[in-house]
Structure formats: structure tokens, C-alpha cells
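The structure appears right after this line, and notes come after that.
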Amino acid sequence: MDAFYVAVELRRRPELRGRPVWVGGANRGVVLSASYEARAFGVEGGMSSTRARRLCPDAVAIQPDYDAYEAASEGVFAIFSTITPQVEKVSLDEGFLDITGTRRLLGEPEQVGELIRALVADEQGIPCSVGVAPTKLIAKMSSNRAKPNGLFRVLPGDVIAFLHPLPVEKVWGIGPATTGALNKLGLYTVGDVAHTPKSTLQRAFGARAGGELWEFSWGIDGRRVVATEASERSVGSQETFGKDTDDLGLVTTELLRISARVASRMRQARVVGRTVTLSLRFADFRTVQKSLTLPYPTDVTSEIHAAACRLLAAYRLERPRLRRVGVRVEKVLDVDQVATQPALDEPEHGWREAERAADAAIARFGPDAVSRATLTRRRGQG
């Protein structure tokens, strides 16, 4: 994600878009994340707030809200899991996806990358930069090239042309100390490193580190995407209201919309789950969540929505001021590993089959091809 903490804050404070902003202490502490407008003044993550204030006295400093960042991260990685089960989470705002098996369903790599960017922008309201490349090393560096809010692809045959002109400090994993040591050897670009004998690098940096430096300089990286274990996976989505609401009817309808989105993602990813979690964020930014475990795994909208509504009722809220609601199905399993229970009271061809038919129509004709009548009525009333 691009300037992740700042991007999350700008969702709820859009009036600050285009202004220099950082997340962190106003005059003490450190800058955790800076907007590109603040970076233009030299402000960057890890810098003391005192120095940042000197560089950019008119910037707006926002105290961090880690609950919000974790919730946004969960939403983003839930999107990733609908693209491929091969998702490696590196941090709250960064991950690797192995999309080698998605071409038949989702198209060429650039199409997959643009789909990811569109889904993150639409559902989370934050920018996302995507790097597409044959290895993790080049993908990471490509995503840096794509910023802000873009996509950059390096084809297998273009790896050397992409890498060799770059300064050594642009290589993922090379920090200031290694950069200084390479510069002392007269090595300033990746191409300089590539044309240095591996044995020379190993004498200077050790057998392992020197060997990796040489391999990386030629784009050699055998590291694979290490997917999250299935038992730890979850599929979820959330929605922030345009303004705080105490209309429980509106909340219930929004939960149906979110449940439909989650169920569709689960069917696309071919997973089912038993534990449904409802999260609520109030106008004062307090966040609560409750979970309910179903007697059998499901990927059916009506069952997920019913569980979410039971959880909502369990709070016994009286005219709450709600800012955001979210639904998540946790501890999901591959559908081939479990037997799914027919939805209660459904005929042989019931809700599950109807929703799969809707999935097929949406895949062919677009997201507006099919909508539940309840949601359509709500849009018409709005």
C-alpha cells in the first residue's frame, strides 16, 4: 500500500487530501507514515517529529490509530485471498501473491494487477501499487517503481535491463551499511556488482551474503511465496458509512451487502468457514467485535448474514452512532476438504446453487448484472 497509515486516515478525513500530512507525534516522537505532499518537503518515515516540523511547519500530524490500520490490512488481504490462496503477508501493508495459476480465470498478469488495484480502491478506499515480475526480488522493486498508485511489470527478458542501471541502494534488502561498503569498493550500480567476481564479494561480505549480492545483481532469486496456512486464513469485508448512522435498518441492509460480498469471495476462492465475526466501529472510534461459530461450514450469503445479524442483536444497541461495520469468516478451509451442509430449508437446488449462478453471470456480464432485491430496493430508496 502507498503511505498506508496516511491513506487510512484520509478515508475519514478527506478534507486533508492534497495537503502535507503525517501519522505520528505532532512535535514529539517519530513520523510513522508521511503523505507524498509531506515527502516533497523531505519528511519521511522514521524521522523525528521535531525535524519533520522544521521541514514542513504547515503539515497536519495525526495520532496513530492501530486498530484502524489492522482492520484495513485485514480487508486488503481478504481481497488478495480471493485472487489466489498463495498469499504471503510481509507486513500490515505489504504482501506477495503467486498468480501463476490465475491466468485462465483472471487473464494476463497486468489484468490481475489492475483488478487488485481496483478492488482495493473500491472496497478499502486506499491506493495500492502493484509490481509484477518473475521473482519476489524484482516484484518488490517493481512495486516501488509503480508508486504512487500504479502498476509496473518487468518481463523475464527485461530483468537485467531493469536492474543494472539502478543504484545499489535501490535493491530490496540493501541498507545504508551495505551501500557504504559497496561504494568503498567502487561499486555504485547493480551492474557494477554484477560484473564483480562473486569470490570478491564473498571475501568482502562473507560467503552467504556475498553470494546473495551477486545473485541478486543478476536477478536470481529462488525464494517462493510462502502462503498463510489454511487454518489461519479468513475472508472478510467492511464498509464505512458516508456519515455516522443510528439506523439499524440501514446497518442490517449493509450487513447483507457485505455478507454477499464475503460469500462471493469465498466461492471464488473455493473456501468455506464456520466462524463469523462482526466488527463495529462507533462514532467515537471505539471498535468492538463478536464471533459466532456455526454448526457446519458455509459459503452462503443468507447464513453469513443471519449470523452477523444475531451478533448485532447480541449487542442490544439503542440508537448507536456507527461509523463502520465489517463481517469476516475465519478459519476457512478449502471446499474440497469438507462436506458442506445444504442451507436450512432450501430445496435441492437452493441458495447455494442460485448464488453460484449469480457468480457466473457477474463474471460474464459485470458486477451490476445481478443484485439482491433487498439491496436494489435500498438503492432505489436512497
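Counting starts with 1 at the first residue shown.
Each Cβ is built from the backbone N, Cα and C atoms, and glycine gets one as well.
TrEMBL annotations:
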type: ACT_SITE; residues: E94; note: active site
type: BINDING; residues: D93; note: Mg(2+) binding site
type: DOMAIN; residues: 1-175; note: domain 'UmuC'
type: SITE; residues: Y5; note: site 'Substrate discrimination'
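It is E94, among the recorded positions D93, E94, whose Cβ has the fewest other Cβ atoms within 10 Å in the structure shown. Cα to Cα, D93 (Mg(2+) binding site) and Y5 (site 'Substrate discrimination') are separated by 9 Å. Put simply, E94 (active site) is 12 Å from Y5 (site 'Substrate discrimination') when counted between their Cα atoms. For Y5 (site 'Substrate discrimination'), the number of other Cβ atoms no farther than 10 Å from its own Cβ, over all displayed protein chains, is 27.
On the 0 to 100 pLDDT scale, the domain 'UmuC' (1-175) averages 92 in the predicted structure.
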